[in-house]
Number of protein chains: 2
Amino acid sequence: MTTVHTHDALMNDAQQADDASPLRGTRELFDLPDDVIYLDGNSLGALPRAVPPVVDDVLHRQWGERLIRSWNEADWWGAQTRVGDRVGRLVGAAPGQVVVTDSTSVNLFKAVIGAGRLRPGRTVVLTDPDSFPTDLYMTESAAALAGLQVRRVHPREAVAAIRELGDDLALASYSSVDYRTGELWDLRAITAVAHEVGALACWDLCHSAGVVEVDLDEGGADLAIGCGYKYLNGGPGAPAFLYVAARHQDDFDQPLTGWQGHAHPFAMRPDYEPAPGITRARVGTPPLLSVLALEAALTAYDGLSPADVRAASLSVTGAFMGALDSLGVDLPLATPREPERRGSQVSLRHPEAFAVVQALIARGVIGDFREPDIIRLGFAPLYVTHVDAVRAAVHVKEVLDRREFERPKFAQRGAVT
Amino acid sequence: MTTVHTHDALMNDAQQADDASPLRGTRELFDLPDDVIYLDGNSLGALPRAVPPVVDDVLHRQWGERLIRSWNEADWWGAQTRVGDRVGRLVGAAPGQVVVTDSTSVNLFKAVIGAGRLRPGRTVVLTDPDSFPTDLYMTESAAALAGLQVRRVHPREAVAAIRELGDDLALASYSSVDYRTGELWDLRAITAVAHEVGALACWDLCHSAGVVEVDLDEGGADLAIGCGYKYLNGGPGAPAFLYVAARHQDDFDQPLTGWQGHAHPFAMRPDYEPAPGITRARVGTPPLLSVLALEAALTAYDGLSPADVRAASLSVTGAFMGALDSLGVDLPLATPREPERRGSQVSLRHPEAFAVVQALIARGVIGDFREPDIIRLGFAPLYVTHVDAVRAAVHVKEVLDRREFERPKFAQRGAVT
């Protein structure tokens, strides 16, 4: 049983860690309900306080008052690359290589077909069988259209598979962090071997952008995609991003040749001529309310280094796991304990994981369930503190000790993303 | 020269027409600056007053307070088809056939490849050489991937071309209204002949949805695409829509196989199984701020029949052309005069069209320029009145009479969409 002593000691340590954190005070940049410990920022990031005033300005002044003139005056035209550069700073990309556009799925489609065209004659795309499913679906569809074949090889076996495939390989496409288990893969190693055989690498940063130190440029990534609505806090369905390394941009021939990717979009020419640089990865007119909300959201990262964010993330998730240990919660961890092997989430396995998650939500601890048996808890270090982590661990213990997950109301399933 | 008598008579008639209009009072549903006559709703619709309160609720309550729970509670999950049905009511589509998703460009890509797969063995896609360029670019790119060839045939020659192509034709893909000239094409006739030879028809409704009476179901359209930010007033870059006729949905095999188009998105299965119905045309997580802004915007159409909107549109554009005539403005019209041959815009030709547009904007009459010589004026009948139309005609006359377009400051070009 938990003792008062254990509780007090854990809370003391947590408070000290919060006070000493380089992210001290960033929680105040978010508008979170007081009665919630929000551990689902890996599905939908919390509302940054900077967003509503910007959206208000976009609605009333930029759209309502200035109307079409805002394309120039407010530089709507440049928003996708401007916000892209902001994302780039968080993922180790120098300016001019990231564009905010479309959804992650659509960007992966561009990346796979674009990669095939950068490596003509090669026939294989390698990807993780445990990828977030949309990655598998889009990769298969894009590959089929491009005359490529997809092989599903676990990241642990990727290096060997790449060596074996040699110059058959066009692209190795892997997620940086497993969306279910939170395991962090060494994409630099996979990329280095892909380059040895002359192939390309695409990194999916959905569960790492904004929490893990990602070095796209230094790590040699050729392409990368990622999501705007998880740790980047851009709001529900915020646009995604696409990175194309500068060295590939002149030859990046992506299939979604919309007018906003054209070199001379207002010349209204009958044939497509891709714009120079990353702009060619744009497609149609972007949903500006959502693009500009994401731009405002990213100001929460102003003044923070990716290294500090990563350190805080590991410290908070470490505090959560440590508290579970101290409290005697012995659920199996799906997430590796080693700092270098995990992202910013802690996933626990339980045969009644769905009901456990519902019982936690009823207590104000919001996480999510993933098939088949995963309690998935994401720790966004900008607004989840060490104290939150310890409180969450206590809630987990109480839900399990009191068998709250056996209450019938927690067993009913609905759509949760 | 204009006489006071002409002015007064025109204004009197305009006022009477406004008083008698079935759209009387709808202008109050929009937040437009007092000093502007806004004739660019065919590029970016005006701000409906219903939008800001909804966006505010989405930001603060749905996102900020309820967080991830809004996927169920606020039915974010169903937003794309719910708003799709709302669009459907404006374009003659019974429920369950329209989804709001992605951009027009991306939706056309799905439509072209999907059409090719619905008509295997056929090799040709027919489209208008004067299409909005993104239609040409996307059609070419999609066709190349699908092993189809694009032939560019003017709508006037489309029926003959279809008969000649016979069972080589997979898809006839045409815009309902020419974005430059405002000419309205008879897509029902093109569709009927396409069906005679066993092919499909895709209608681009970017410049007709919300102003022209479109009968997708009755007209036999197989596929259609359109834009949310023009006459539908969804805001800058609002998501687009895609229509797939119910009879094709079971076999509609579109290439952007994202998880939100899956039959069991939360089962996280490794292989793609398209959802029943129009849901399979969804791709990734949609930009919900923009989707829900569009939903609110569409309430401006509540209680209005497409026939009434069309009648008002023709009446207002007719008043504008009539006023130009009465005022003795003799610029060539790019738009046909016959009501059955025009959409909701009036395009005038002038060798210095760019500068004329800038001079008009300086007077508060906002229209836009299109290469090479087009002054494009869109009349959104929900917020452009007969009185506005007459006033705009007077401004055109004054800009020409006073040769304001010769002022150097109006000749500088910038990006305007």
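Every residue, even glycine, has its Cβ placed from backbone N, Cα and C.
Copied over from TrEMBL:
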- A:Thr104, A:Ser105, A:Phe132, A:Pro133, A:Thr134, A:Asp135, A:Asp204, A:His207, A:Tyr229, A:Trp259, A:Thr285: pyridoxal 5'-phosphate binding site (BINDING)
- A:Lys230: N6-(pyridoxal phosphate)lysine (MOD_RES)
**Message:** Measuring Cα to Cα, how far is A:Phe132 (pyridoxal 5'-phosphate binding site) from A:Lys230 (N6-(pyridoxal phosphate)lysine) in Å?
**Reply:** 14
**Request:** Write out which of the listed recorded positions, namely A:Thr104, A:Asp204, A:Tyr229, A:Lys230, lie with a C-beta under 8 A from a C-beta of chain B, sequence order kept, or 'none'.
**Result:** A:Thr104, A:Tyr229
**Request:** Based on DSSP, name the secondary structure state of A:Thr104 (pyridoxal 5'-phosphate binding site): helix, strand or coil.
**Result:** helix
**Item:** A:Thr134 (pyridoxal 5'-phosphate binding site) in three-state DSSP notation
**Value:** helix
**Asked** In DSSP terms, helix, strand or coil for A:Lys230 (N6-(pyridoxal phosphate)lysine)?
**Response** coil
**Item:** Rounded to the nearest Å - Cα separation of A:Lys230 (N6-(pyridoxal phosphate)lysine) and A:Thr104 (pyridoxal 5'-phosphate binding site)
**Value:** 12
**Fill in**
Going by C-beta under 8 A and a gap of 6 or more residues, the same-chain neighbours of A:Thr104 (pyridoxal 5'-phosphate binding site) are A:Thr134, A:Asp204, A:Cys206, A:Ile225, A:Gly226, A:Cys227, A:Ala240
**Asked** Can you tell which of A:Phe132, A:Tyr229 has the most other C-beta atoms within 10 Å, given these are the binding-site residues?
**Response** A:Tyr229
**Fill in**
Among A:Thr104, A:Ser105, A:Phe132, A:Pro133, A:Thr134, A:Asp135, A:Asp204, A:His207, A:Tyr229, A:Trp259, A:Thr285, the record's pyridoxal 5'-phosphate-binding residues, the widest C-alpha separation in angstrom comes to 31
**Message:** Excluding near sequence neighbours, so keeping only residues 6 or more apart in the same chain, what lies with its CB under 8 A of A:Thr285 (pyridoxal 5'-phosphate binding site)?
**Reply:** A:Gln260
**Prompt:** Going by DSSP, is A:Asp204 (pyridoxal 5'-phosphate binding site) part of a helix, a strand, or coil?
**Reply:** strand
